[in-house]
Amino acid sequence: MAQESDAAATEGSPGAPRVGGIAALFVGSAAALAVVIWLIASEGELRYLVNGNAYPGALTAYGAAAGRLVGTVAAALTFGAVGYAVFRTRALDTGELGLRGYLSQIQARRYAAAWAIVSVPMVFLAAAESAAQDLVTTYRVGGLTTLISASDTAKGWIVSLICAVLVYAGLRTALSWVAHLWILLPAVVGLLATVVTANEAQNWDHDYTTAALTTLAVVAALWLGGLWSAVRLPARTERRWVGPLYAALVLANGAVIAVVMAPGSDLWVTWYGLLLVATGVLLAAAGAAHWLRALPAAAALLTAAFGTAIAASELTPPPFLRSRPTVGENFLGYNLPDPPSAMAFLGNWRPDLNLAPFAIALAVGYLVLVRRTRNWPWYRTVLFVLGCAALLTLTSSGLRTYSNAMFSVHMVVHMLMTSIVPVLLLLGAPVTLMRQTLTGAPARWLSMMLQSRSFAVLMRPAVQLALFAAVLYGLYFTPLFDAIGRYHWGHLAIYSALLFTGFLFYWRVFQIDPVPGELPFIGRIGMLLAMMPITMVFALIVMTMDGLVGSRLYLYLDFPWMTDLHRDQFVGGVVAWATDEAAIALVTLGLVLHWAWRNRDEDSEPELL
C-alpha cells in the first residue's frame, strides 16, 4: 500500500476513467471484426480459387480469419500495454513499477492469456487453410501434424503461442521495471511471428515490405496498447504529439507496402487497395483524435484500422495474380543477374528499411546529445559517426545485397558486424555521453538498466564468451541458418544478434563506458585471447567440412555465376578467420598502447592485476 501511495504521488492524483472509454473500445473491436467477417462472406470461395486452391470449408475460412484478427490484436495489446507500463509510467525509486504501471501490467497479463488461448486453435486452423483442407475432415483422417510441419503460418502461430505463455508467466512474477523491459523481447517476437508470414512478406521486394511490415506492426502495437491502457486507466493528461508521431510512422511504412503490393490503379480499383486506403484513413483519423486528446475515439479508430488491415491481408495482392516471381525474387526479394565485383558492391544499394533508419537515428541522436554538452572529445564523435556509417553501409550497400546470396560475402558482413561496427560505436563512449546529458525519465531508465542484476550477468566475461560461441556455432552448424536465411526477417534477427553480442563483448573489453566491476588490463587481454580460438575453430570447420552451410537456400538460388558453392564456403571460412583475428589483434594493440600511455602519464608502476 505504501508503494501504491508513493506511485500515485509521483504520477499525479488519478481521476475517474475516461467517459465512454469502454464503449468506444467495444465499438472499435466490433467494427474490426465486422469488416473481416464481411470480407470472408462476400469473397467466399473466390479468394482461394484465384490462387488455384480449393475452398477449405466455412469453419476453416471464417475461423482462421477471425482468429487471426483476435490473436493479432491480443498480441498487439499485450506488447503495447507492457510498453506503456515501461515507457509511459513512472517507476518507483526502488526500481519497481508504480501504481499506474502496475495497473497497465495487469491489463497486459489478461491480454497475454487471451493471446495464448487464441493461438492454440490458430495453429490448426492456419495449417488447414494453408493446405486448403477442411479442419474437421483433416482431424478425422489424422493429417494435422503433417500439415503443421508444412505450413509457415502454422509454425508462426506455434512461436506466437510459446511467446504468449512466456509473457504471461513473466508478468505473473515480474515486479521490477527492468524485468518488464526484458518481457518486451518475447512479446515483440510473438507479435512478429505471425506478421512475417502474411502475403505482404512474400515474393518480389519482400525485403522492403517485410521491413515495413515489422516496423508498422511494432509501432501500431505500441500505439494500440498504449491507447487501451490510457482509456481504461484513471484519466491523466497525455502528450498530444504522441498520436501524430505514431500515425506518421505507421503511414510511412504502410505507404511502402502500398507502393509494392498495390501499384498504380490497383490502389483504387481492387478490394485489396481500397482496404489499404481505408486503413490509412482510419490511422490518420486516429492520429488526429489523439492530437485532440479524444483518446476513446482514437482507440476505437485504431482498433477498426486493425480490422481493415487484417482484412486486406486475407486477400491476394493484385501483382501476385498477374505474374510469378523468379527464384531470386521469391527467396531474396530481388534478382542478381551480375556476378559479384567491386562495382557491384558499390552500385547495388538496397537499403534495409529496418537497420538503415536505425543507423541514421543513432548518428542523429548522438549528435544531438553532443550539442548538449561541452568539451566532448571530437574524436569520439568522429568514431561513433564512422560506426554508424559502417552499419549503414553493411546493411544497405551491395555487400548486403550479395550477402543474402553468397556465404562468403555474408561472412564479411558477419565479421564486420561483430567487430568493426561495435568497436567504432564503443570508442564513441555513447553510454558515458548519455549519462552526462540525459535528464528525466530517460536518465532514470539508463540508471536502472546499468544497476540491474541482468546487466551485471551479461557483463561477465564467461557469459559473453558463451553468447558469442552460441551465436556463431548455433547459427551455422545447426539447421537454423538454412531455416531462417531465406527470409528478410531472418537476416534482421541474425544482424541484431551479431551486433548485440559484439557490442557487449567489446564494451567489457574497452571499459570506456561504465561496467559493473572493472576488469584489470590483463583480464581484458585474456578475454581477447580466449575469443581467438572460438573463431579459429569455426573457420577451420567451415573450410574443411564436406557439407554446405545453408545448402537449401544456395542450391535453390542457383545463380548462373555461382558455379562452386564449396569454394565460396571455403572463402567464407578464410574471411571469418582473417577478419576476426585482425580485429582482435588491432584491439589488443590498442589496449596495450592505451595501458602504456596511461601509466606513463600517471608516472606510476604498471598495474596488470
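Glycine too: its Cβ is placed from the backbone N, Cα and C atoms.
Taken from TrEMBL as is:
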type     : residues : note
TRANSMEM : 21-41    : transmembrane segment
TRANSMEM : 108-128  : transmembrane segment
TRANSMEM : 178-198  : transmembrane segment
TRANSMEM : 243-262  : transmembrane segment
TRANSMEM : 268-287  : transmembrane segment
TRANSMEM : 294-312  : transmembrane segment
TRANSMEM : 353-370  : transmembrane segment
TRANSMEM : 382-399  : transmembrane segment
TRANSMEM : 411-434  : transmembrane segment
TRANSMEM : 455-476  : transmembrane segment
TRANSMEM : 528-550  : transmembrane segment
TRANSMEM : 570-593  : transmembrane segment
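Note on the transmembrane segment (382-399): residues 340, 344-352, 355-356, 358-360, 362-363, 366-367, 409, 412-413, 416-417, 420-425, 427-428, 430, 495, 499 of its chain, located 6 or more positions outside it, place their CB under 8 angstroms from a CB of the stretch. When each of 21-41, 108-128, 178-198, 243-262, 528-550 is checked for Cβ pairs under 8 Å to the transmembrane segment (570-593), 528-550 comes out on top. When Cβ distances are compared across the two stretches, the transmembrane segment (353-370) makes contact with the transmembrane segment (411-434), since 3 or more pairs at least 6 residues apart fall below 8 angstroms.
Sequence-distant contacts of the transmembrane segment (528-550), counting only residues of its own chain at least 6 positions beyond either end whose CB sits under 8 Å from a CB of the stretch, comprise 407, 461, 465, 468-469, 472-473, 476-477, 481-482, 485, 505, 509, 565-566, 569-570, 572-574, 576-577, 580-581, 584, 587-588, 591.
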